[in-house]
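S.K.: Sharing a structure here in structure tokens format.
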Amino acid sequence: METLFHTLLRLLLFVAISHTLSPLAGSFRISNDFPAVFNFGDSNSDTGELSSGLGFLPQPSYEITFFRSPTSGRFCNGRLIVDFLMEAIDRPYLRPYLDSISRQTYRRGCNFAAAASTIQKANAASYSPFGFGVQVSQFITFKSKVLQLIQQDEELQRYLPSEYFFSNGLYMFDIGQNDIAGAFYTKTVDQVLALVPIILDIFQDGIKRLYAEGARNYWIHNTGPLGCLAQVVSIFGEDKSKLDEFGCVSDHNQAAKLFNLQLHGLFKKLPQQYPNSRFTYVDIFSIKSDLILNHSKYGFDHSIMVCCGTGGPPLNYDDQVGCGKTARSNGTIITAKPCYDSSKYVNWDGIHYTEAANRFVALHILTGKYSETASSLNL
């Protein structure tokens, strides 16, 4: 029997779905007006934070399309959405906070995003210890030390962001996917949905801390269609009744839509709480859904089946054998290898998108049609 909670949810989602089928009103384009960019998130925008922090590099199969060797620690075959956005505003790729050796400087910003991170605080079972709260704390430490160093030697402004760069910089966020996806392993659908407001309360606390540090320009990505990831389909889609007509797991996408609906509601309220601030909400869900549902129209052959995997169609994915790895599965030694042409695939390794898909998403973001801005700036 459908619960009252589910009934109310379906009504809310109807509004959310109708909202996400078309570009958002009040469009806003990212620009090079911002002197620096500070990014927070998970593997969608991790440019090497987790690998630097835990002391490892992804398999050589990663980053073969663009960065090649030595790999930077991105969980992709090439560039991420954030990389394309930095290119568009003529800024260098963001250097990870924990990266101790690099030819890059931090003058134009810093990346605190770490793969597998959540908005919620990490626990003993978490793969990444760098939850959103930790990332915010890292930023606060980073800013404090940078300004101390510049005060001692002004020449360091050639390599480090000044106070002006911090106060006028753009603060970007792409996080929450792992909170939702991870919850399904131990919780019912109703429990996952009930968790969303708690997750967003924690997110808002991070915004509050950053505002206290002088952040005023916020750029927030909502989460994508989680139910269309091959990993999710492989584990939660064995019962075909749980799949929609596109082969995606309905419950996961339903949770993603509710998360986005409530995140958008929070986005509307934040400028009222924080004077002289500007918040931009970017509808990643609509862009990625369009790509997956209409992949052939955009030159892709496969929307869910992964490029770097094993097992062949329909998913070419084995959760016991990650991209580039060799392992024994069902008594057989197998290797998950990259496909011949990654540009024909939306999904890279079952969890992450290919560079070609990331380029598609970034180009749609840059049109400004999928972003909405709410401001309390005294103009």
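Every residue, even glycine, has its Cβ placed from backbone N, Cα and C.
Checked Swiss-Prot, it gives:
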- 1-27: signal peptide (SIGNAL)
- SER43: active site, nucleophile (ACT_SITE)
- ASN294: N-linked glycosylation site (CARBOHYD)
- ASN330: N-linked glycosylation site (CARBOHYD)
- ASP349: active site (ACT_SITE)
- HIS352: active site (ACT_SITE)
S.K.: Cβ distance under 8 Å to ASP349 (active site), same chain, sequence separation 6 or more: which residues?
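M.R.: In sequence order, the residues whose Cβ lies under 8 Å from that of ASP349 (active site) (at least 6 apart) are PHE75, VAL306, CYS307, CYS308, GLY309, GLY322, CYS323, ALA336.
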S.K.: For HIS352 (active site), which of the recorded positions SER43, ASN294, ASN330 has the nearest Cα in space?
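M.R.: Nearest candidate: SER43.
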S.K.: What does the structure give for the C-alpha distance between SER43 (active site, nucleophile) and ASN294 (N-linked glycosylation site)? Integer Å is fine.
M.R.: 25
S.K.: For a quick check of understanding: among the glycosylation sites ASN294, ASN330, which residue's Cβ has the most other Cβ atoms within 10 Å?
M.R.: ASN294
S.K.: To the nearest whole angstrom, state the Cα distance for the pair ASN330 (N-linked glycosylation site) and ASN294 (N-linked glycosylation site).
M.R.: 35
